[in-house]
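Okay, these came from TrEMBL:
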type     : residues : note
TRANSMEM : 27-48    : transmembrane segment
DOMAIN   : 58-101   : domain '4Fe-4S ferredoxin-type'
TRANSMEM : 60-90    : transmembrane segment
TRANSMEM : 111-128  : transmembrane segment
TRANSMEM : 134-156  : transmembrane segment
DOMAIN   : 139-178  : domain '4Fe-4S ferredoxin-type'
TRANSMEM : 255-275  : transmembrane segment
TRANSMEM : 305-327  : transmembrane segment
TRANSMEM : 339-360  : transmembrane segment
TRANSMEM : 395-415  : transmembrane segment
TRANSMEM : 429-448  : transmembrane segment
TRANSMEM : 733-753  : transmembrane segment
Amino acid sequence: MVNFIKRDGNDLFKNRFFRFIFKNKKFVFTLRILVAFLFFYAIFMGFYNPSKENIFTTALFWGIFWPLFIVTTLPTFGRIFCGICPHGFLGRYITKIGLKKSMPKWMQNRFIGVMLLFLGWWGVYYIFPGVYRTPLGTATLFLVMTIVAFTIYYLYKDMSYCKYICPIGTALRGYSKLSFTQFRSYNKACSECKTFDCAKSCPYGLSPFNFNKKSSMNDCTLCMECSHSCEAIGFKFVKPGNAIYQKFKTLKAEVWVFILILAAIPISMAFHHGLGRSNIGDQMIWVKTAEFFKGFINFGSIDPIGLFAFLYATLFTVASAVIGMWIASKILKKDFNTVFYTLGYAFAPLFILASMAHALEFFFTSNSARIVEGFAWGFGMDVDVDPLAKRGDKWLMFFHMFRWIAVIWAFYILYKRMAYIDAPKKRKILAYPFASLLIIFFIGVNLYRNYVIDTYGRKAHHRGGMHNSRSVGMVPGQNIEIPKIKVSIKDIVWFTDRLPVKNPKASMKSMGHRRGNLYLKKLYLVSGTLQQPACVANVKGTFYTVDSNNSLKRVKPKYNGCATVELKMSENGYYKAYYLQKEKRYIRIAKYEYKHFRHGSNRESLNKLKPETVTEIPFDIIRLKSKDEKPYYREQSGDKITFKVVKDGKPIKGAEVTITTELGWQKHLVTGSDGTVSFRHIKDHFDNGKRVNRYFRENYIIAAYYKSSDGREYVITQTSQFMPSRSEYQSKGYALIIAIILLIALVGGVAIYRYRTHKPFKEVILDE
């Protein structure tokens with residue numbers, strides 16, 4: 001035992017602040033008591049008040065313990081959560097009075113804890129998504145874990161629960177190797193030691209004086225008991241990930257926890273919560289598989305989409321790791337297990353940094369307020385606070401860099417650990433990309449998710465109030481039922497040239513007709529959705545038409561089952577219809593624009609055509625022509641479209657613009673200082689059967705919303721349509737070509753490898 005030692009500069013115990021936090025027995029004990037109190041109080045409240053009103057239980061467990069505290073401390077200070085964990089804290093006292101038996105061999109299996117975490121925690125999360133979101137479900141989970149933990153502490157010695165059964169024990173042990181702190185003993189003092197107080201004080205039966213020699217802290221939970229017993233123990237700053245670069249005795253369960261947790265959290269969430277919630281989510285393989293099985297299996301309370309997203313994520317992740325390492329082992333001519341478990345530690349940063357980014361961003365945009373309000377409720381106070389940041393704040397993009405830092409770090413760890421494989425340099429270089437196949441898969445999933453969200457947007461979330469009621473009317477003199485709808489001031493309305501009818505097959509489109517030199521087009525004011533529009537029953541606004549000279553004229557609509565106005569067009573130009581409804585604090589506008597021209601007209605006069613706003617309309621949206629746009633241009637999938645939002649004729653910055661297509665895809669944008677937004681029409685996703693129909697048109701609504709400084713709200717909607725482009729299948733064609741090339745290269749590579757290692761007809765010498 002050493003009572004005093006001169007500490008190194010990188011020893012945290014040299015600093016008064018850190019020394020107080022980690023080595024002051026009274027402070028550490030008080031902190032553990034406080035954490036234990038909160039832990040059991042949250043469980044109690046989960047049973048006492050299991051209603052949604054109880055926001056304290058979920059805020060503590062899913063706001064602080066996980067993911068914020070555990071995820072953010074692991075790659076920094078390591079397993080400090082274990083040091084204050086209520087299970088471990090109380091378990092030490094339970095073990096002292098317990099039976100102190102040796103745990104049976106079959107239970108000394110770290111995969112028990114790993115699978116409890118993988119299936120019992122995350123599997124249940126995806127398959128029964130509502131279970132852990134309620135106070136009762138959360139309290140039940142942690143109460144069961146507590147009973148199991150205390151029972152095992154009482155029966156067995158050496159804190160065996162923490163080593164083998166704890167769901168996060170092995171995970172924290174593995175991920176803590178990425179931290180920039182490490183317990184290290186002062187070798188000179190330890191070499192003269194004869195009492196071994198550090199080992200005697202360790203409740204886990206470890207020998208801290210051997211940590212330096214083994215380049216590993218083993219199952220150390222940073223309980224700090226050894227540092228209290230002897231001053232020769234230091235808690236030192238080291239290079240981030242220093243432990244994982246060293247040569248140490250590998251643990252199979254650690255490598256598998258890196259792979260399975262990567263599958264369960266970042267990959268499964270990218271599948272289910274990212275791609276699955278995009279506007280093409282129903283095209284994903286796990287969604288289609290779920291729909292297939294739903295045809296003959298009653299899943300009940302099970303979420304089949306979450307189930308198959310979890311299964312596919314696991315399958316693809318495990319396959320990427322195993323196949324890549326298997327090919328690498330063949331190239332290196334080494335045993336698969338040696339290669340897999342030596343290089344598999346490179347996968348450690350992928351989950352922890354990606355989750356750290358999500359945890360921190362979520363903390364600033366939501367969780368901070370949730371935690372404060374939850375704790376206030378738990379102790380009888382009513383507090384309402386705003387989050388520290390809003391989604392879309394530019395500085396939050398900093399956290400998005402974490403997953404790419406994780407990728408770079410993973411490649412670097414793989415490079416460093418490749419040194420422990422005894423093989424020629426050329427073979428290592430050739431094996432490296434195959435060994436990193438899981439890292440490449442992780443990159444691909446993130447890039448594809450970003451591409452899908454940016455291109456197709458997230459599924460629609462409707463703004464505004466609920467529609468009050470629907471009814472059905474009749475077209476006078478015709479046996480056609482027309483759906484009608486009453487709208488509130490905040491429900492969007494728009495013009496359509498197709499009369500809504502109850503039977504879609506009887507839908508009547510206004511193709512336009514001629515009356516002398518006039519070309520006439522009927523327009524109907526509707527609301528609802530593009531898929532199921534209904535005529536507005538409570539029309540309170542004013543209708544206007546605008547001719548090719550941009551002259552505004554107030555018109556009186558006709559009510560033949562639906563509020564109808566008629567555009568009368570004679571000359572080439574843009575013709576418009578407006579519906580304007582003004583309330584005290586809200587202005588709602590619907591707009592329809594039609595470009596009319598005669599074939600054979602003077603091309604120069606057509607080129608001069610451009611859309612304009614109308615001074616009498618307070619809020620407007622205008623599609624801007626591109627420089628090379630032809631007079632007969634029609635919007636096509638893949639085209640870049642630009643709109644400008646203006647108020648009183650001037651561009652507006654900060655207007656929210658939403659584009660919603662007939663098939664339900666949606667994209668949200670915000671205007672810049674010039675009042676414009678740009679987007680591309682989605683490609684490759686027309687309904688089957690319509691992709692090859694060049695005459696198919698898909699309608700879309702563009703809605704602009706703006707709240708002025710005086711509190712008045714403006715909203716305008718305009719409808720348009722686009723058609724399939726000729727290059728509709730280019731991306732799939734390229735993908736098919738690339739897939740064929742890769743397949744040929746893979747088969748060719750395997751064939752060449754087999755030929756070089758197993759040459760036929762080679763001479764064989766037998767001992768006779």
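From the backbone N, Cα and C atoms, a Cβ is placed for every residue, glycine too.
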Taking the domain '4Fe-4S ferredoxin-type' (139-178) alone, what is its mean pLDDT?
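The predicted confidence over the domain '4Fe-4S ferredoxin-type' (139-178), as a mean pLDDT, is 94.
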If contact means at least 3 Cβ pairs within less than 8 Å, sequence distance 6 or more, would you call the transmembrane segment (60-90) and the transmembrane segment (111-128) in contact?
no
Six or more residues beyond either end and a Cβ under 8 Å away: which residues meet both conditions relative to the transmembrane segment (27-48)?
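Non-local partners: 20-21, 54, 56-57, 60-61, 83-86, 89-90, 135-136, 138-140, 142-143, 146, 224, 378.
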May I ask which of the stretches 111-128, 395-415, 429-448 has the most CB pairs under 8 A with the transmembrane segment (305-327)?
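Most contacts with the transmembrane segment (305-327): 429-448.
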Thinking of Cβ pairs under 8 Å, which stretch from 111-128, 134-156, 339-360, 429-448 has the most of them with the transmembrane segment (395-415)?
339-360
Cβ under 8 Å to the transmembrane segment (111-128), counting only same-chain residues 6 or more beyond its ends: which ones?
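Distal contacts: 164-171, 253, 256-257, 260-261, 264-265, 268, 272, 301-303, 306-307, 309-310.
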List the helix, strand and coil residue totals of the domain '4Fe-4S ferredoxin-type' (58-101) as derived from DSSP.
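Summed over the domain '4Fe-4S ferredoxin-type' (58-101), the classes give 33 helix, 1 strand, 10 coil.
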